[in-house]
Amino acid sequence: MEVLKKLKLLLWKNFILKRRKTLITLLEMLMPLLFCAIVLYLRLNSMPRKKSSTNYPAVDVSLLPVYFYNYPLKSKFQLAYIPSKSETLKAVTEVVEQTFAVDFEVLGFPSVPLFEDYIIKDPKSFYILVGIIFHHDFNSSNEPLPLVVKYDLRFSYVQRNFVSPPRHLFFQEEIEGWCTAFLYPPNLSQAPREFSYADGGNPGYNKEGFLAIQHAVDKAIMRHHAPKAALNMFKDLHVLVQRFPFGPHIQDPFLVILQNEFPLLLMLSFICVELIITNSVLSEKERKQKEYMSMMGVESWLHWVAWFITFFISVSITVSVMTVLFCTKINRVAVFRNSNPTLIFIFLMCFAIATIFFAFMMSTFFQRAHVGTVIGGTVFFFTYLPYMYITFSYHQRTYTQKILSCLFSNVAMATGVRFISLFEAEGTGIQWRNIGSVWGDFSFAQVLGMLLLDSFLYCLIAFLVESLFPRKFGIPKSWYIFAKKPVPEIPPLLNIGDPEKPSKGNFMQDEPTNQMNTIEIQHLYKVFYSGRSKRTAIRDLSMNLYKGQVTVLLGHNGAGKTTVCSVLTGLITPSKGHAYIHGCEISKDMVQIRKSLGWCPQHDILFDNFTVTDHLYFYGQLKGLSPQDCHEQTQEMLHLLGLKDKWNSRSKFLSGGMKRKLSIGIALIAGSKVLILDEPTSGLDSPSRRAIWDLLQQQKGDRTVLLTTHFMDEADLLGDRIAILAKGELQCCGSPSFLKQKYGAGYYMTIIKTPLCDTSKLSEVIYHHIPNAVLESNIGEEMIVTLPKKTIHRFEALFNDLELRQTELGISTFATSVTTMEEVFIRVCKLADPSTNVLTEKRHSLHPLPRHHRVPVDRIKCLHSGTFPVSTEQPMRLNTGFCLLCQQFYAMLLKKITYSRRNWMLVLSVQVLLPLAIIMLSLTFFNFKLRKLDNVPLELTLQTYGQTIVPFFIAENSHLDPQLSDDFVKMLVAAGQVPLRIQGSVEDFLLKKAKEAPEGFDKLYVVAASFEDVNNHTTVKALFNNQAYHSPSLALTLVDNLLFKLLSGANASITTTNYPQPQTAIEVSESILYQGPKGHYLVVNFLFGIAFLSSSFSILTVGEKSVKSKSLQFVSGVSTAVFWLSALLWDLISFLVPTLLLVLVFLWYKEEAFAHHESIPAVVLIMMLYGWAVIPLVYTVSFSFNTPGSACVKLVVMLTFLSISPVVLVTVTSEKDLGYTELSDSLDHIFLILPGHCLGMALSNLYYNFELKKFCSAKNLSDIDCNDVLEGYVVQENIYAWESLGIGKYLTALAVLGPVYITMLFLTEANAFYVLKSRLSGFFPSFWKEKSGMIFDVAEPEDEDVLEEAETIKRYLETLVKKNPLVVKEVSKVYKDKVPLLAVNKVSFVVKEEECFGLLGLNGAGKTSIFNMLTSEQPITSGDAFVKGFNIKSDIAKVRQWIGYCPEFDALLNFMTGREMLVMYARIRGIPECHIKACVDLILENLLMCVCADKLVKTYSGGNKRMLSTGIALVGEPAVILLDEPSTGMDPVARRLLWDTVERVRESGKTIVITSHSMEECEALCTRLAIMVQGQFKCLGSPQHLKSKFGISYSLQAKVRRKWQQQMLEEFKAFVDLTFPGSNLEDEHQNMLQYYLPGPNLSWAKVFSIMEQAKKDYMLEDYSISQLSLEDIFLNFTRPESSTKEQIQQEQAVLASPSPPSNSRPISSPPSRLSSPTPKPLPSPPPSEPILL
């Protein structure tokens, strides 16, 4: 039941995602139907026509065709005989020569090799009409012929006389040459073959003189054995050959299309399905969603079953519709008129199932969706190519070869279609009664069996590859996967084995003895390899994690925290060592472990189209919750996470913070016993982060929690034990108090300075009181000083002095605390890696407090000024105008080159190897088919066709012999045939039989005979069924053998073999054989390969768009023209490479139609003009896609359909037999707007025109009108002509399409369609205003500072714009979705030079929207904004020259290094080339990124990526720098480094606007800030101004030791209430209390003394007291008015779990709204500033 429940959930998930991916789902279901529509269109435009009976006249075989009498030759035709040593053969040949009125020359050859060598090498061999080779060893020259005679007739390889007009279809109806490799045409038809030829037509047995020569040789043999008798007999005997009559029939030209094009179209229709399936499966794999579900208990096989059922249902619908369309008569015709619809459905379903499993198999070999999709689709197409060869040699293939070829599902499908079309041609269709009928020792039933076998094999391969080679993610299974799995010996949980103590034992706290170690890690290593280099991410890690505890894992960026989490969750395998979870080893028992595992990854693993509720419901039930419990817990989790108002929002529309909340909820739901949380609160605002802390504190009771974070206060609050990693090694581990005790150096005093602060004077004051004080940090407005613990008795005097001289010293506020976790972390990092000591280097004295640890301010100023210190000491001027455009163009071009260089495997495979491989395989198959298969000997006996029925009429008492009938019967029986003597007309009998039993008639009745006596003369008619290629000669052989037996006895026999001559030297060199249809094969195959090539140009553009790198480049100053034209230039250069290689391939294969000296320029021109047209089209369409993988798949499908379909339609309808040439011309003109059609038709016409020229030349038609023979096709001497078979109009169309699509691209980039829509909305202004007013009736801000700022801007706008770098006036932003959203509401502010302006607010408050408007990523709905005097709305190009932007999410290109990216943006900014290196090096030095500067960005940690994003914003000369949460994901050391850099940039005269969730960051950096709530400013001013206005109280935080928590907590509360009357308990986190104390009558020194004593009396682990912080003010604004302490506690009681653990506490409810009334100011502040203790 549990398995069925999980399966049901997975199916629900799949169908929800498919339903919400409307376009993909429609594409998956409709693309096969679109190809079906093409088939239906062809069916309806090739209607069957009724034809009456046809009788053909007899042909006299005693005469050569007229052709030989009129052929203009300089020399005589020659009759060659072999071996020449036999005089007997010479005499026989001379008798043959004398038979005809044509003057022949008799020529003998000693042996067959000499004859063939002469044919191949000597030009005179053209005159040899036939070689007669007798299979008999002559001992002497006069030795007679035996009675059993066998000889070969070797006519020329190419017919001389029979000129069949060439076909312009993808498949020829007939095979060229003598067709000796085939018994029947590959394309059977109900209509008579070669309808207009009485002698049978192709392969030309009569026209080429084969029958006449054969009969003459047979008569000569008879005369040799019975000279007189033979002479007498043939005086009164006349031998004729006559074609079978053909009864009334339906001539259906569609059958040719069905037999040949339908397999190709069916394959192309299902390739779309294969691409979508592969992409869907790989997308989940690439995003780690599959492995994430596995961690929730979903076995891998269950995952596959769910996917199979999902796609099975969707393809079932498609196949059902296809079956209905194919089998339902429309306008009295159907695609399959006679076949059983049930069998058609079963056949298509078997193929669909095989396609599904093929996609599954291909997905296991790849990790990236777009790579796997491209290669998977290519391989799927390749598996069809063998059929193109097999179909033309089907009867030559052995049964084993056929079986093996059908292991490719496409070959099996095409073979099945072949069976269906054959039965349709016979008029019976495929039925249950004939599925076992054998055609070439194979049957339709076997095809169905092979499709099912293919499905099983593909499934098996997928299972083995995934199990044994999980590649990047997952744990590989053992090779004995099918064997009985040995039961692992699980050691006792508490005694798995104590890990050895590391060398840093003094910093490892003793393990708790009374708790269960749920997770044990023993000597764990993880090494990553990249080429020859390796990186050790985890080095000898040993530690235990305990139930009921939160273990916090800290470390700098890249220390190995995420790697540890990935190993424990089974996402990656350890290189060495062991890890046990609940006693199960991760490398062996991951399935068991995952049943109790909850994981919140560092990067959200969410389904884009799942809602918040869907995620919680899905994962809750996967973990075992019942639907009712899951519903309740989902509602509870929504409330706890503050996501109630987003319950129905899809995850792709959530902000980053909301996604983190959802990921945490997924990990927590259903009570997972082991929680691994990788930076769970990254990106969350302060209220949300605190709510998550509450939630984790409540939920940890019976769980084991491993948490990583960069927030030290989070680690301090949540961590029962804290472990710190550095470079993969464990440095220390223990409780927060233990680590503070080990690493603490005393008390830390944090001083927030004013701009007027005199640092030297302040240092002297501190040094005067505390001589041993040490400077830890001096960044921005923040200064941190260490006060040794032994000098605590001097603190009171120091604090009194600082309070009294606060204004004089320039102190905004100061605070003191005992050692914090941040300081512990920094000290640990310094000890482990001295390179991190750049900013935190200890000072041995504060006097004179130099800042030598920082880069001087003047060095950073050079980045943002007009001069730059170089050796020449010349001022640096930024490039402008044309020079800037050239530099930017060069930067964009280098970016494209770098992408191609770094992704060379992808570029090489998709853009070069793939199209070339397709064309090479096609050429290999086609060349082998056309030039090799036909040159085989064929023995002309009835046994070749199996057992047949031979009707015959012989008159009673025939003049030839009264026993003639009996002799004929004996001869047939001896040959294994069935004689059937009839009375009357043989022709009438054959017509009757064909009408009575059309099924199988052509295979049962191949030849017949009629012996008619008229007076004393006998007429012998050898009747042949022309549906069989070689029946004319067979019928003649049958009659001649009977006559030979009459003359020489029953033992006499003649066996004739048709063995074409080898190709002559001229034929080989000039490829005389017409190969026009081969060109269409190549075109269709090549169009598919070129679709992948074309779609590959979207990968980078969509990738840049998805990470918003393109937007950042535009913001940095790149114009639309520069961005796209540089990309187009490089992509055209890239397009030239496969084009030139393609020409080389044609030269290698000697494909003259494309490799001729006149054709090569045309091929290159066609290809390059196609690239010119299609690349801008791909760029334009790429705007519709969000991920490179989906873009690649959809574009391949689109380009394949829009290129192959038009070419097929136009080519098929152009066939003269269909009678739709006018329609073909119309379609051709319509499809000129499609580059793929132009490419296909141009190449097709180029090939076809060349082949027709060869055809006319080969047939020696220079003296007659070749165009008449070609049935209307006009050979163009000038291939560039516009007329039929010219390529001129296609080249012109491609040349015009390029600018058209480029214009569309620029219009799309400029949001022209959005602007047009907005302009059109102006026709209904009253409606819009009324609608806006109804929805956005928002109150004006109440804060007087906000109102004053807005009023000032209104009054003095022009003056402010001139004097200030940034002015924002009443800016609003409305997102016009289904429900319009007001994101920013009339915001006004001014930012001056050397000012850092902070935007604070909850997630979704509108901060990023302001940035998007300032950078013009989003248009301003109303209002104005000015940068350096330029209006953003009208002068965006000029504005962008002055803006530097660090977006919220890293807009970085993974294929570039950090240095390369900075260089690129330096060029975009216009920094002269000679200064770029120094500029970039300086930024890297300041950001401490020199070590990783030359590594690829994809290897960077999150913190390093943020650092690089900030560096990009600083490049060049931006007057205004916008930093959107720049320090997200950074460790404390990196964060302080960033602060230092930003502060120095501000000091250099720049204007900075910053958003952040770190209040500490805002206090350190911001000179002014505003708090936003629901798009409005609620307050505005400097941090100190806001504290003075709203923070007139003190904040006391105290942390009681957990050991004494219950005992001392209440006593301490009573102490605070008694000591500080009026205090208010604002928050409580188990052992952490936060009080707000009234401000009046409190002194810093007095409070410090009281709390020092309380620390001892009440077992306090840590405490602090400070003026109400900026974070407290922020929380006050963002907290709902109704959220009082009592109400919060009441909500906690309701939401608490039914049986909470003993150490759990009530949890505070997170804010449920994003707005609150402005807090009222408290009474005036006391004269002294409080201190953080």
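Quick reminder: no glycine exception, Cβ is built from N, Cα and C everywhere.
Now, the feature entries from Swiss-Prot:
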type	residues	note
BINDING	555-562, 1401-1408	ATP binding site
COMPBIAS	1681-1692	compositional bias 'Polar residues'
COMPBIAS	1704-1717	compositional bias 'Low complexity'
DOMAIN	519-752	domain 'ABC transporter 1'
DOMAIN	1366-1599	domain 'ABC transporter 2'
CARBOHYD	ASN609	N-linked glycosylation site
REGION	1681-1733	region 'Disordered'
TRANSMEM	22-42	transmembrane segment
TRANSMEM	262-282	transmembrane segment
TRANSMEM	306-326	transmembrane segment
TRANSMEM	342-362	transmembrane segment
TRANSMEM	403-423	transmembrane segment
TRANSMEM	444-464	transmembrane segment
TRANSMEM	906-926	transmembrane segment
TRANSMEM	1082-1102	transmembrane segment
TRANSMEM	1128-1148	transmembrane segment
TRANSMEM	1160-1180	transmembrane segment
TRANSMEM	1192-1212	transmembrane segment
TRANSMEM	1287-1307	transmembrane segment
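Here the features listed in Swiss-Prot are painted onto the structure.
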residue	record	DSSP class
GLY555	ATP binding site	strand
LYS561	ATP binding site	helix
ASN609	N-linked glycosylation site	coil
GLY1401	ATP binding site	strand
LYS1407	ATP binding site	helix
Between C-alpha atoms, which of these binding-site residues comes nearest to ASN609 (N-linked glycosylation site): ASN557, ALA559, ALA1405?
ALA1405
Is the count of Cβ pairs under 8 Å between the transmembrane segment (306-326) and the transmembrane segment (906-926), pairs 6 or more apart in sequence, 3 or more?
no
Positions whose Cβ lies under 8 angstroms from the transmembrane segment (1128-1148), at least six residues beyond its ends:
893, 896-897, 900, 907, 911-912, 915-916, 919-920, 923, 1093, 1097, 1154-1155, 1160, 1163-1164, 1167-1168, 1171-1172, 1175-1176, 1179, 1302
Quickly jot the same-chain residues contacting the transmembrane segment (403-423) by Cβ under 8 Å, restricted to those at least six beyond its ends, or write none.
187-188, 255, 258-259, 262-263, 266-267, 336, 338-339, 344, 347, 351, 354-355, 358, 380, 383-384, 386-387, 390-391, 394, 397, 429-431, 434, 437, 439, 442-444, 446-448, 450-451, 453-455, 457-458
Taking the Cβ of ASN557 (ATP binding site) as the centre, how many other Cβ atoms fall within a 10 Å radius?
21
Top Cβ-contact partner of the transmembrane segment (1287-1307) among 262-282, 342-362, 444-464, 906-926, 1160-1180 (pairs under 8 Å):
1160-1180
Position of peak Cβ density within 10 Å, selected from the binding-site residues LYS561, LYS1407:
LYS561
Applying a 10 Å Cβ distance cut-off over all chains shown, what neighbour count does ASN609 (N-linked glycosylation site) have?
17
Mean of pLDDT values spanning the domain 'ABC transporter 2' (1366-1599):
88
Can you tell me how many other Cβ atoms are located within 10 Å of the Cβ belonging to ASN1403 (ATP binding site)?
22
Let's check the environment of GLY555 (ATP binding site): how many other CB atoms sit within 10 Å of its CB?
27
For GLY1401 (ATP binding site), the number of other Cβ atoms found within 10 Å of its own Cβ:
26
